[in-house]
Ligand code: C5P
């Protein structure tokens, strides 16, 4: 009998530039992605008679526990007798922070860990094996391979080209007005423009202030399209921007979750408290954005 716990950190797009569109309709992206110290938690127990999933936790309402759930589909990709998965949903669904993708990535990490396939974790995994696994996961969702690593990276192509980057940890406040946004509808509303691309080479970021200054002149190209689909996002951006110490407010992914960035953890904590006073009904999380790879390694429990 073995039982493991796998952390599924939220994915945050610090920038998201749309650079083109493929013939099959999928968009080409150039995005700086990082991971939050808040996320879902997945528990896996083996042996079990079959592969099953139970969903619980504060954000579990409406989340399917059958094969529509990406975590179950990703777990099914790993050949194994049977496993009982319990997913604790802390992240709101359809909210631009990769909840479903993070869960799928956690299920894959957990199942491969139980199989003994992950060697000394991903850094030691043979490249052809890892690439084949990532290609399989990509067919389930464009964000899943990046969530497998859970560390800062520049993501290009349709989510298949992952370039690790070094970023300082950013004190942040995530806020979601509890308005679900469908990713396909945002991409449909997007008007492709000739926007300047992200610089080919990223500068070296010496501290949080440096990184925020640089991020301030980059964009999320899905933000305008998401505002058309869900005008309520405008209020999240303006409320976050007005919080004391907030240096930059931007939407993540296709929304509706937005993040505010702060120079210090104290400022982010004070802003979280302040936001809770004025918008108690919103989902929110004060957190650090950075490398969660270590936290995301499965552990016995
Ligand atoms: O891969 P995923 O299921 O997350 O994508 C959801 C939808 O978002 C796709 O069906 C597509 O309409 C759109 N999309 C896109 N280009 C991407 C990723 C997603 O157009 N790179």
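Residue positions begin at 1 at the first shown residue.
Each Cβ is built from the backbone N, Cα and C atoms, and glycine gets one as well.
Straight from TrEMBL, the features:
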- 11: active site (ACT_SITE)
- 71-116: domain 'GHMP kinase N-terminal' (DOMAIN)
- 92, 93, 94, 95, 96, 97, 98, 99, 100, 101, 102: ATP binding site (BINDING)
- 143: active site (ACT_SITE)
- 208-275: domain 'GHMP kinase C-terminal' (DOMAIN)
Fewest other Cβ within 10 angstroms of its own Cβ, chosen from the binding-site residues 92, 98, 100: 92
Per-region confidence, the domain 'GHMP kinase C-terminal' (208-275) (mean pLDDT, whole number): 98
Other same-chain residues whose Cβ falls within 8 Å of the Cβ centroid of 92, 93, 94, 95, 96, 97, 98, 99, 100, 101, 102, the recorded ATP site, in sequence order: 10, 11, 91, 253, 257
Close in space, distant in sequence - residue 102 (ATP binding site), Cβ under 8 Å, 6 or more apart: 8, 9, 10, 11, 39, 40, 91, 147, 150
Around the Cβ of residue 96 (ATP binding site), the count of other Cβ atoms that are within 10 Å: 29
Residue 143 (active site) and residue 94 (ATP binding site), distance between Cα atoms, whole Å: 13
92, 98, 100 filtered to the binding-site residues whose C-alpha is within 10 Å of residue 143 (active site): 98, 100
Reduced DSSP assignment, residue 96 (ATP binding site): coil
Which listed residue (11, 94, 143) has most other Cβ within 10 Å, given these are recorded positions: 11
